[in-house]
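J.: My questions will all concern the structure given below.
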Amino acid sequence: MAESKLVIGDRSFASRLIMGTGGATNLAVLEQALIASGTELTTVAIRRVDADGGTGLLDLLNRLGITPLPNTAGCRSAAEAVLTAQLAREALNTNWVKLEVIADERTLWPDAVELVRAAEQLVDDGFVVLPYTTDDPVLARRLEDTGCAAVMPLGSPIGTGLGIANPHNIEMIVAGARVPVVLDAGIGTASDAALAMELGCDAVLLASAVTRAADPPAMAAAMAAAVTAGYLARCAGRIPKRFWAQASSPAR
């Protein structure tokens, strides 16, 4: 069986499910969901931390033994993202960053030009960069070439719950990647998470699918099981697809 731990940079994680915190109704529900998910790495919007003092969320993650992964959510330019990452490094004492540079508020689609520019600057500044990108294999390769520790293509736009719109693109990114591939954004339900792993992704990052579910802790548990099931199925190897039926028992 393949390596069971997720390895990004110089760190390893037993869980292949990375959680986000956006959209949670309150910290009590978020805590239950995080515990149910089994996650060891959870994103934190540094702007949100600055706005509310951040003590409640950061204290919660610390108490649960979960590593915070600051992100640059809301940034619209490379300069803005780099500054936000540097502030996060000072505030949270980490050089890890989930890099987001968004083109507009309606689509929340990554701005490819600004994203690459920010990635280059942050890598040069010693950051471990995990960029949120489109499902374009060429852009994913470009980000990898800049020195990013992973690539994080979207399945579909953030918060839509549309699942994986272009499975073949994700497979192409996986096939060409020399770093971990994390499916990020668009997950709606457990089957989407399982499919991401079956397509070859090394991990899944999600937030809205859990925080906006009718029962967030139950959905978090479902997502954890789905990620594990998809990973195990990929490692086991699916049977080839056939045009015609084939009896499972030999004919006499």
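Even glycines carry a Cβ here, placed using N, Cα and C.
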J.: Starting from the 1-deoxy-D-xylulose 5-phosphate binding annotation in Swiss-Prot that includes ALA185, GLY186, ALA207, SER208, which of GLY159, GLY176, GLY230 is the extra site residue?
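T.: Swiss-Prot names GLY159 for this 1-deoxy-D-xylulose 5-phosphate site.
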J.: Express the distance between the Cα positions of LYS98 (active site, schiff-base intermediate with DXP) and ALA185 (1-deoxy-D-xylulose 5-phosphate binding site) as a whole number of Å.
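T.: Cα to Cα, LYS98 (active site, schiff-base intermediate with DXP) and ALA185 (1-deoxy-D-xylulose 5-phosphate binding site) are separated by 13 Å.
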J.: The record lists GLY159, ALA185, GLY186, ALA207, SER208 as binding 1-deoxy-D-xylulose 5-phosphate. What's the largest Cα to Cα distance among them, in Å, rounded to a whole number?
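T.: Between the most distant Cα atoms of the 1-deoxy-D-xylulose 5-phosphate site, 9 Å.
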J.: Find, for the listed binding-site residues GLY159, GLY186, the residue with the lowest Cβ contact count at a 10 Å cut-off, counting only other Cβ atoms.
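T.: Each of the binding-site residues GLY159, GLY186 was scored; lowest Cβ tally within 10 Å is GLY159.
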